[in-house]
Amino acid sequence: MSVTAQSVWDNCLSFIKDNIQPQAYKTWFEPIMPVKLANKALSIQVPSKFFYEWLEEHYVKLLKVALVKELGNTARLVYIIKMENTYGNKKPFTEKIPSSNRSGLRAQEIDVPTKNKSPELKNPFIIPGIRNVKIESQLNPNYNFDNFLEGDSNRLARSAGMAVANKPGGTSFNPLLIFGGVGLGKTHLAHAIGVEIKDKYPEKTVLYISAEKFTQQYIESVKKNTRNDFIHFYQLIDVLIIDDVQFFSGKSGTQDVFFHIFNHLHQNGKQVILTSDKAPVDMQDIEQRLLSRFKWGLSAELQTPDFETRVSIVKNKLYRDGVEMPDDIIEYVAKHIKSNVRELEGAIISLIAQSSFNKKEVTIELAKQVVEKFVKNTKREVSIDYIQKVVSDYFQMDVSTLQSKTRKRHIVQARQLAMFFAKKFTKASLASIGSQIGKRDHATVLHACKTVDNLSSTDKQFRKYVEDLTKKLSL
Ligand SMILES: Nc1ncnc2c1ncn2[C@@H]1O[C@H](COP(=O)(O)OP(=O)(O)OP(=O)(O)O)[C@@H](O)[C@H]1O
């Protein structure tokens, strides 16, 4: 029997089918058509660029295994994208893209717009004294200034970022602290600054790292007795970008080591860029000396984008994905999803996905369904401050009373409820919850959570408190 694109693909499909969920198979693999087989290169047609990116992001390993099984180690995969979501008079058109090299399914050396995941930081510690070490910047080139759209909500932060990128360490924005709510582009902007610096000054050592990873590395270095190497490594960097510094809250060892690194970099004219989900004045459990340094440069806020900016963000995303969509639909989505750009993008992706798979045209009806589901499924992120406020209001007391040391029963209960909900609705550690709610330790929080659990099953009135507060906090 001769080997054809169809026969190779059919065999791949039966292997893939056995290895993923039926729904995922239906959604992502049934719509694919094998088109051509030439020199161990299988061309498959996918319905949109988004579809291709999704396959590359989530299924490329599986595709590789399946294809290598069929065609051997030199197997290659080429995507042919058939743009079906075109509107107006435009005819559908196709575009050929080879699978990324990431998969090992090598095709021609063409620049493929793959979503680069930062590779793991390889052995971050080096021996002090050896300077010409190559440090992987961990930057994501997909987050750049070109696709970080400007609006009133981000003008200050974006311009300051540009200024820093033009002259790292040479402006008064040092450190540059970018702060703002969830999903408003802090990480994107921080990467964009780093990417721009790397473009302009390739010889500069730039490092992007999340505060969480920095903390893990630090803990590891203490365990391995390599704290000095850790410090030396960070002192070699020209542009240090630390994402989500609020994570340092309550971690005095990490704060201390960061303080020393910061001072060294700052004194030597190196640039520090930080992001945080809150302004320095609202940061809890960060040492005063560090907070005061955060304020040395510029703290620039990212606010929620206005309607026009949301529309531009969506249009830009669609343009980059090679998808067209009528303006009224874009405006509908931008009007209803306001507070978080990630959610806005999520809704658009979901809309493109729905229309690709079900071969449906994107209509207002479909947009309504997606937005509705999306908004419903998105749990509002609540902060510990907000929980304390809601609980205090409910029991008609001040937050300071709730946090006080008093042992009066109704105040203790309110405090325990606040701790219980902080555990339930936030990702904060027990220690961090304790320190934010009346400076207690983690054991007190654990005890509070157990007490609330016990009382809810034995005390009817108490159960009512829990139910009422759950409703209020889930609204
Ligand atoms: N002005 C903008 N232009 C284009 N895309 C944006 C803009 N702002 C945010 N985004 C996009 O929104 C998504 C969320 O942004 P990002 O991850 O940077 O937010 P964040 O503030 O770091 O969120 P978190 O608080 O969860 O860490 C990203 O895909 C980003 O590209």
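Each residue, glycine too, has its Cβ placed from N, Cα and C.
Each residue in the region 'Domain I, interacts with DnaA modulators' (1-86) has a pLDDT score, and their mean in this model is 83. Per TrEMBL, the feature region 'Domain I, interacts with DnaA modulators' maps to 1-86.
The feature domain 'AAA+ ATPase' is assigned by TrEMBL to 172-308.
Marked as ATP binding site by TrEMBL: GLY183, GLY185, LYS186, THR187. GLY183 (ATP binding site) carries neither a helix nor a strand DSSP state and counts as coil. Within the same chain, residues at least 6 positions away in sequence whose Cβ sits under 8 Å from that of GLY183 (ATP binding site) are ASN340, VAL341, ARG342, GLU343.
Look at TrEMBL and you will find 356-475 tagged as region 'Domain IV, binds dsDNA'.
Summarising the annotation, TrEMBL assigns domain 'Chromosomal replication initiator DnaA C-terminal' to 383-452. Sorting the domain 'Chromosomal replication initiator DnaA C-terminal' (383-452) by DSSP state (H, G, I as helix; E, B as strand; all else coil) yields 51 helix, 0 strand, 19 coil.
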Quiz item: Counting every protein chain present, what is the number of Cβ atoms, excluding its own, within 10 Å of the Cβ of GLY185 (ATP binding site)?
Solution: 24
Quiz item: What are the non-local neighbours of THR187 (ATP binding site), defined as same-chain residues 6+ apart in sequence with CB under 8 A from its CB?
Solution: TYR143, ASP243, THR275
